[in-house]
């Protein structure tokens with residue numbers, strides 16, 4: 001489990017002890033968790049550092065109103081569903097969230113591909129990284145999928161798992177030992193050898209492996225957060241980023257419960273059918289029996305089509 | 001002066017009467033003005049609708065800290081100045097502001113060119129626009145500049161001003177009369193002629209002129225706000241957008257006083273010298289007397305160079 | 001019809017007479033139309049000014065290849081369909097298009113909302129606009145829709161049409177006359193009265209109405225072009241921007257015929273079903289008869305659902 | 001030195017053998033190097049894969065012209081210098097470049113922070129990475145700077161360098177051996193043990209260190225390219241990304257020689273002075289002798305101020 005240092009925990013609780021008055025819109029569900037660390041993977045976390053707006057901010061902007069813009073809950077709910085169903089995006093850009101996230105570097109490399117966000121990352125040019133690296137739990141050590149070139153298949157056997165875990169731990173530890181050695185630094189930050197200055201941090205870091213943890217402040221708006229979640233909370237996303245997305249999906253539910261509900265309904269549980277798929281659908285509804293060869297869909301789309309409809 | 005309707009004022013005061021507790025960072029200067037309308041031009045305004053973060057958010061992100069990240073005011077101030085002087089941008093993206101702005105359409109057309117912002121505009125496809133248009137005050141009726149192809153020169157004489165103002169008012173009023181006529185609508189929204197449905201709003205609006213007022217919600221981060229202000233609070237900006245920028249500059253001062261101070265110092269009052277200008281500067285410092293022909297600067301850059309240095 | 005001046009036509013034909021050799025990927029369909037003006041509305045046009053890449057650029061980037069990256073046409077086609085079906089976006093960002101567009105200002109105001117593009121607009125601060133304004137053809141003079149608050153309904157009767165057209169033409173002409181008068185300028189650009197300097201262009205322009213034509217260079221990538229086309233070639237888009245989108249859709253077909261085909265199949269002719277809609281769909285396929293009240297879809301979504309399936 | 005495989009070289013030469021006719025603007029300097037690999041570091045490269053526009057595209061867009069928009073070279077040159085001097089950005093967005101780059105992962109992590117670009121990266125979820133990692137040359141093995149917390153100081157001594165290089169090579173080789181072992185793969189891609197499927201590629205890759213090479217297609221416009229170059233060709237940039245920036249700076253000189261010249265003059269060789277620095281400058285020009293304490297500049301700004309002016 002991810003452990004914060006005592007200093008870090010104190011910083012967080014001090015931040016939580018500062019209660020202020022504000023005229024701004026507030027999200028009660030977010031106030032409860034603000035600043036607190038939600039553990040993810042073995043050393044990672046997600047912390048909400050700040051937010052702006054709530055469900056009301058979406059309807060307020062959609063209505064370009066002078067006050068809060070909210071009316072009856074049922075009207076607001078219908079509007080939010082309508083906006084999402086019809087792919088309106090700008091009202092959802094009007095609410096903002098800021099997270100502090102700690103994650104393995106290979107997860108950070110996928111995450112950063114979402115460009116519509118602001119990022120401040122902990123700098124390994126400026127500071128020494130901690131001896132913290134990700135080691136999967138045995139049940140997540142999956143073999144290469146045989147059907148999907150970029151996915152996972154079955155979990156590997158216990159013997160193979162042991163071997164993999166041993167290699168991962170040994171290499172990560174050794175690489176860190178040598179990182180410190182190049183820096184001429186002991187674990188506590190003091191020098192090993194006063195005669196050496198040690199290699200520049202920006203160089204020594206290259207010896208660390210991609211499972212080392214990094215951290216950043218990440219800020220985005222609700223629209224772009226949903227784009228992130230749609231891709232990364234999906235079953236095709238790599239497990240190690242999906243658990244972050246799932247944690248953030250829970251945060252979203254606290255923050256903007258109505259938008260969350262509409263997002264699940266119109267994005268996560270929705271499915272898109274191509275022109276050819278729609279033709280096939282109409283024929284099925286008219287009572288025809290269809291094989292792939294009766295349609296113009298390629299094999300893979302045909303299988304996806306059947307999966308969406310729950311046809312065996 | 002810009003007058004809000006009684007309904008609008010009530011909406012605003014109701015929003016201001018909702019005081020909540022929050023654990024988030026607060027900007028006291030912003031709480032004082034939240035939701036209130038600051039008049040700009042004859043019918044326009046700027047209202048702060050929401051904000052996220054304050055000066056502390058900048059240092060918190062720059063330090064990727066666990067708590068507020070702020071230390072001594074003098075350290076925070078030095079850090080913010082350092083960041084702006086060295087063109088660091090991402091920490092300033094970590095604070096966010098949302099404004100409700102009402103402005104003439106030709107101002108909105110310049111404003112929208114700043115793409116790194118979110119916008120929800122009042123829709124003239126969906127609603128009927130009000131009879132509100134911008135008429136400059138006589139002292140702002142400037143002639144075309146003779147030296148600057150896109151600027152203003154001297155104020156025109158009183159007779160010419162009268163003529164211009166009469167034309168602007170008459171045409172705007174007539175265009176609005178005809179807008180309503182095409183819509184088959186009276187001023188109060190009721191129909192003129194029950195036998196007619198009236199032209200679609202999305203068509204009728206094309207008869208309105210560019211000085212008609214529109215309004216939008218506009219949200220951006222502190223970094224992009226400074227980009228906006230640097231260009232639009234500049235003397236080369238058109239007067240009618242500059243007064244909006246100046247109003248927002250005052251808002252910025254309330255919101256993030258330290259960043260505002262650093263922004264004035266390192267952007268608004270700063271000047272950039274090209275490679276050739278730097279060479280000339282060094283020669284001047286060495287005691288040389290220089291004419292334009294002694295340098296490789298073109299005439300216009302030479303004049304700008306002298307202006308920056310306050311050389312007559 | 002849109003008429004280019006002789007000078008403009010000459011400029012275009014001169015540009016077309018410069019044939020060069022290049023090692024870059026070429027799109028034969030684009031070379032045929034490069035620089036030429038495709039008329040839209042009464043005075044508008046779309047011109048392709050430059051492009052980068054073709055269908056091959058998409059597969060080349062998806063494969064991060066060393067050469068052109070293309071294989072058999074059938075493989076490339078399958079890959080492009082796959083990418084679009086699974087919402088991959090980055091390979092489509094690797095092809096770029098640059099257009100010169102002339103359109104009414106109210107169309108430009110919708111267009112500019114697509115932020116992921118580069119724009120250089122003709123400046124009415126710098127230059128005098130021409131006496132060119134959009135007047136709809138009678139068959140496009142639609143009444144306000146009674147069912148859709150932002151749409152059009154039936155075409156208005158001939159008498160009402162005459163009245164509307166007369167108002168639009170008269171107001172546009174008068175506003176332009178007064179624009180010139182304020183500028184102290186005759187139609188040919190010479191002064192009316194040597195004693196007056198004339199109002200600054202940046203001020204006088206505010207007297208023009210929103211149907212006046214403006215023009216710009218607009219550059220975007222294929223991914224963002226498809227986003228634009230999906231929204232603006234849609235039946236819910238205003239007619240006056242839709243005709244531009246349809247013209248550009250033809251351009252896209254010439255430029256990247258395979259991507260165009262896949263775009264029609266997986267975007268334009270596709271439909272998305274929400275979680276509730278999918279449940280209803282499965283029940284229908286299982287032979288149930290359904291009314292709206294048997295589902296949890298609101299009335300409007302239910303109607304859209306039936307329309308997508310072509311159920312009467 | 002970076003070696004392409006024979007297949008890759010053949011792919012490149014085949015691409016170069018396809019000469020086409022085009023009516024588009026051409027940059028002769030770019031045609032000469034198109035597709036060819038320019039080596040950077042020990043295994044990296046930069047290759048120009050495509051481009052759109054040349055210096056003419058900048059002036060064409062600035063003038064919203066119907067043809068090429070270029071006039072006399074001296075006029076075009078003056079316009080481009082003017083645009084850069086006055087921070088106009090949109091005309092420079094009208095030219096586009098696409099590069100294929102191979103670089104160490106820690107370089108890619110800095111590079112990707114430039115969000116205004118399109119990227120397709122070689123996927124280590126989908127494919128196995130090669131045994132290629134960056135090892136600095138001894139003369140680049142610098143110690144941590146004592147004055148700059150994120151910079152390099154003196155080169156380390158030969159003994160320390162030997163030790164560092166040995167650790168870097170041994171760890172990288174061992175990590176790769178274990179990467180293959182987890183994948184159950186030999187160097188040639190065949191299986192080690194038919195009874196094992198091997199760990200999923202998306203998991204095994206986490207054992208590789210940050211000096212392993214990755215590659216991507218990267219596309220951006222000339223404006224954003226200059227932003228990249230201003231930061232990354234700067235002396236404060238890490239050496240390992242600076243050599244890429246310098247290579248691309250040479251590419252830029254071939255592509256858009258006039259813009260390159262103006263960029264060097266108005267960005268790379270330019271300096272910005274704050275409000276306080278300008279005051280000090282005026283006092284110096286008036287003949288005053290100044291110490292830091294006579295000004296309101298902090299110590300570090302004062303030193304930068306003197307460095308800009310070349311004052312000992």
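Even glycines carry a Cβ here, placed using N, Cα and C.
Curation does not apply to TrEMBL; its annotations are automatic.
The dUMP site in TrEMBL is built from A:110, A:111, A:112, A:113, A:121, A:122, A:123, A:124, A:125, A:232 plus one of A:85, A:205, A:254, namely A:205. FAD is bound by A:113, A:114, A:115, A:121, A:221, A:222, A:223, A:227 in TrEMBL, and the record lists one more residue there from A:90, A:197, which is A:90.
Same-chain residues at least 6 positions away in sequence with a Cβ under 8 Å from that of residue A:232 (active site, involved in ionization of N3 of dUMP, leading to its activation) are, in sequence order, A:110, A:111, A:241, A:242, A:244, A:245. Annotated pair residue A:227 (FAD binding site) and residue A:125 (dUMP binding site), C-alpha to C-alpha distance, rounded: 31 Å. If you compare Cα positions, residue A:112 (dUMP binding site) sits closest to A:121 out of the binding-site residues A:90, A:121, A:222.
Of the recorded residues, residue A:90 (FAD binding site) and residue A:123 (dUMP binding site) place their C-alpha atoms 33 Å from one another. Residues in the region 'Disordered' (A:1-21) partition by DSSP class (helix H, G, I; strand E, B; coil) as 12 helix, 2 strand, 7 coil. In sequence order, the recorded positions from A:90, A:112, A:121, A:227, A:232 that place a Cβ under 8 angstroms from a chain B Cβ are A:90, A:121. Just so you know, the Cβ of residue A:90 (FAD binding site) picks up 20 other Cβ atoms within 10 Å once every protein chain is counted. The subset of recorded positions A:90, A:110, A:114, A:125, A:227, A:232 lying near chain D, with Cβ atoms under 8 Å apart, consists of A:125. Listed binding-site residues: A:112, A:222. The one with the lowest count of other Cβ atoms within 10 Å of its Cβ is A:112.
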